[in-house]
Ligand code: 2AM
């Protein structure tokens, strides 16, 4: 079994984000730079067969590249997660997240949640909301990945099992 989720990697904005966070009185325990991502769909514990099905589903998925402004902070009190995210985001992001969640649901995975709040968790064990100036980062996402989450004595680590380019569905040139 492996614990899986689909997410957007942050690539070149992960360093500016942790640099920004670490200069601020940001609550909680900072997530390491290497672990930053924007979750698209949480899947949970998957068998080998389910993992293969998710890899096939990821390869079939189409979505144009996404530009997402990370311009607000937020806090999930139950999860004690403090995060940055967009105030508004492209509809294609919601469509992609929903499609990936449904791929999981069709094979018995997911957490049953229907809503989607795009966010990048910057810290855990946060007992309060961040009270900082608004962030101003632009995520230009050109790929998405299926990640495996592994617990190690040094903490959790996220390994991409596969990544696919964000590309729109090819136009039908046959005029059909
Ligand atoms: P997060 O983005 O809010 O931190 C890997 O564990 C990723 O999946 C994390 O990014 C985490 O959310 C998300 N995740 C973990 N457990 C989850 C759950 N039960 N429901 C939804 N998302 C979850």
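Positions of Cβ are set from backbone N, Cα and C atoms, glycine also.
Copied over from TrEMBL, here are the features:
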- 37-40: motif 'HXTX 1' (MOTIF)
- 37: active site, proton donor (ACT_SITE)
- 119-122: motif 'HXTX 2' (MOTIF)
- 119: active site, proton acceptor (ACT_SITE)
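DSSP assigns residue 37 (active site, proton donor) to a strand in the three-state reduction. Taking Cβ-Cβ distances under 8 Å and a sequence separation of 6 or more, the neighbours of residue 119 (active site, proton acceptor) in its chain are 38, 39, 74, 81, 83, 84, 85. Sequence-distant neighbours of the motif 'HXTX 1' (37-40) (same chain, 6+ residues past either end, Cβ-Cβ under 8 Å): 5-10, 68, 85, 96-97, 100-101, 118-120, 139, 141, 144, 147, 158. In terms of DSSP secondary structure, the motif 'HXTX 2' (119-122) contains 0 helix, 3 strand, 1 coil. Averaged across the motif 'HXTX 1' (37-40), pLDDT for the predicted model comes to 98.
Listed in sequence order, the residues of the same chain lying 6 or more apart from residue 37 (active site, proton donor) and placing their CB within less than 8 Å of its CB are 7, 8, 9, 10, 120, 147, 158.
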